[in-house]
Structures are given as structure tokens and as C-alpha cells.
Amino acid sequence: MPQLNENFLRLEKNYLFINIAKKIAAFKEAHPEADIIRMGIGDVTLPIAPVVIEAMKKGCDEMGVKETFKGYEDSGAGYDFLREAVSGYYKSFGADVAPDEIRINDGAKSDCGNIVDIFGDDNTILVTDPAYPVYVDSNLMSGRKIIYADSNEENGFAAMPDESVHADIIYLCSPNNPTGSVYTRTQLKEWIAYAKKNNAIIIYDSAYEAFITDPDVPRSIFCIEGAKECCIEMCSLSKTAGFTGMRCGYTVIPEALKVIASDGTEVSVAQIWGRRQGSKFNGVSYPVQCAAAAVFTPEGLKQVHENIAYYQENARIISDTMTKLGVKFTGGVNSPYIWFKCPNDMKSWDFFDLMLEKIAVVGTPGAGFGKNGEGWFRLTSFGDRQRTIEAMERFEKLVSDMK
Ligand code: MLT
């Protein structure tokens, strides 16, 4: 009889956003007339930039012509034209990342979940809490020991290293999902120093970098000196360019990142990851890579930034409502997420139910992201403008009535 990987039994029965979708479906069935506004999952709503769609169509046309048809891409790491475009993008904000340090993927989530394959199960994993559930879930699946660094109200939801604790692999996310908090240059230097002291690797999730407006907040960990010897970075076009339904992202593993194997040999992490991908991943479709490359052209960047500006204005509307109501929050600036304290010290899931039942607005309960998320709540600014305004009018009434 086949045996299960019983580590899966240690996971929550459903992934957070599946649980929320189920709750919405049940509510809809009970209240078919309800006008539900969704501000839960961080999914974009604006159409993809025209220049990006044009590039994708051109890529599709090329696939239909013998002379330009493409089968497998030889390296498996992504087309050179896209890796060069990503490298140029990194350079534009001061990160020296070479094209051959970049691998194209189908969005950050896959690499984020799969990277654990190349590390031994005896590693101690450090996750800041609250966090994107994939970091914890993917390590629980292989039975690893996870320790947590508390992000909380006291430290502005930006946990810093505890020198008395050892970790081998560290997950950081800035701008942070779910809290919208960001690490400054000085704070990232501290994390890098800690990683080096512990011979650890930082897995840095920069999926929300395009929302950064503050010049003191780095757009990449590779803007910080010393990062190349101890960091891996994962980024995605999902939030930058509306690719949640297109699927494309990239992972950077620098040449300089090495691990010493048990026989004492020095091993390149990029080489091992490439080996893993060679056996388990056949790359991203050519038309999608054409579309992705168009994002990094001057016109592409201009068009995607118009969409980002729209979401940033939504974030301002949500933040202003919190300020007006005297509700404590982080995020909203440098981030599409607003992370607020539930009124009247309510628990996150209770507040979720209350919002759904009383005002038909869906958010994400902070407790779904870890223990320090209890009592907090996340709203996304990725919605339609009028619906965001409407949701905030309903929210204002709800919270005023609770006082
Ligand atoms: C979220 O809502 O946290 C995001 O959708 C995460 C993701 O992009 O997978």
C-alpha cells in the first residue's frame, strides 16, 4: 500500500484563500441578493497593458509560422531576450544582476514553493510571522523545523533578527505580504549580516517591489552590498503587470551563492536549482515570455505604472478611511495592502464574518498568515475604484456603529 507523506496531514485542511472562497460561496447561497465586494485575495482587476498584449499576439503569430515557430527553449532558464530585459530592469534601480543569474518561471509561487527541494530537511527555517502561507506550508510538507521572528505592532510589523537564535534558511518579504510594511536599507543590511554570521541563505520575496515609492526602501535585496553571497530573490509580474492569469516571474540566484556539501566540496546553488528545474520544469510559453519582455520596455513600464498608480490611489482611499476612523494600520504606502487592527479587539475570523454578514465586504483575516496576525485584517487595493469607495463607505458605517 502506498504511504502518504504524512507531513501533509500537519497542514490546515485548505489553503487560506480556498477557505475564504468557500465561505463566500456559502454566504452567496444564503444571500443571493447580496452585493459582495471582494478585497480578499490580492488579485489584480485592471486589463493588461496594450503594449504587452500586442507583444503576446506577435509571439502567438510567430508560433503559427514555420520559420519562427518555437519548441522547447534550449536552456530551460528562459529566453535570453527576457533575461536581458529583467537584468536591465534590475540595473535601473541599482541592483547588479546578470542575465545568466536569472531564471524565468510561471510566477513566484511555484519557485517559492519548490526551492525547498534543493535544501536538506535538517535545516532550521526562519519565517517572519505573519507571512505569506507558502513559506510555512512548503517547509511543513517536508517536515522541516520552522522558527519564527515576530512581526508585530511594536516593531511596525518588520521583524529583525535575534542574534541568540540560529537559522539556516530565512524568508523575508518586502514590501510585506500581508502587512504592507517595508524593510529599509539599514534593516536589510542587518539581515544580511545575520545571514552571513549564521552561514544562512535569505530567500527574498520582492513580488510587490513595483509599489515602492520611498527612495530609502530598496527594490531588491541585491541593492544591498554582500547580498550576492547569501541571497536568492523571487519576483513576479503578477502584481507589477497584472500577470496573475498569464503566469510569469523570475528567480535570481547569484553565481557567488555557494553551499558546502557534506564531503567538503563547494556547490553552486544556481547549478543545483538549474538541475532541479531541468528535471521538473519545461519553462514558460514563448508568447508569455514575449509579453513579459514588453513590460520592461520604456512604453511597457509607462503603461504598467499607470495601472499601479490606479491601485496606489485605491490604497490611499482605504488608508484615509482608516485614519479618519482612528483605526491603526500599516501599509497602503509602498504596498497594495492595508493591514489594520480589528475594531473592539475582535478576532480576525470573527471580524471577517461580521464584515461579510453586515456589509458584504470580503477581506483576509490576519490569523490566516500566522499567530501574530490574530486580531488584524488585510484589505487589498487591487479592486475597482468605485467598488473600493463603496466598500469604504460601508466600512465607515460599520465601524462607526461599533463605537
Ligand atoms: C495574496 O493574496 O496573498 C496573494 O494573492 C498571494 C499570491 O500572489 O499568491
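Yeah, the Cβs are placed from backbone N, Cα and C, and that goes for glycine too.
All annotation found in TrEMBL is predicted automatically rather than curated by experts.
Since this is a predicted model, take the numbers as computed values, not measurements.
According to TrEMBL, the residue from Arg83, Arg144, Arg247 that belongs to the pyridoxal 5'-phosphate site alongside Tyr72, Ala108, Lys109, Tyr132, Asn177, Tyr208, Ser236, Leu237, Ser238, Asn282 is Arg247. It is 8 Å from the Cα atom of Gly42 (substrate binding site) to that of Lys239 (N6-(pyridoxal phosphate)lysine). In this structure, the binding-site residues Tyr15, Tyr72, Tyr132 were compared by how many other Cβ atoms lie within 10 Å of their Cβ, and the smallest count belongs to Tyr72. The distance from the Cα of Tyr132 (substrate binding site) to the Cα of Ser236 (pyridoxal 5'-phosphate binding site) comes to 14 Å. Same-chain residues at least 6 positions away in sequence with a Cβ under 8 Å from that of Ser238 (pyridoxal 5'-phosphate binding site) are, in sequence order, Val44, Gly107, Ala108, Ala207, Thr244, Gly249. Taken residue by residue with DSSP, Arg378 (substrate binding site) is part of a strand. Proximity of the binding-site residues Tyr72, Asn282, Arg378 to ligand 1, judged by a Cβ distance under 6 angstroms to any of its atoms, singles out none of them. Annotation: Ser236 are the recorded positions among Tyr72, Ser236, Lys239 whose CA atoms are within 10 angstroms of the CA of Lys109 (substrate binding site).
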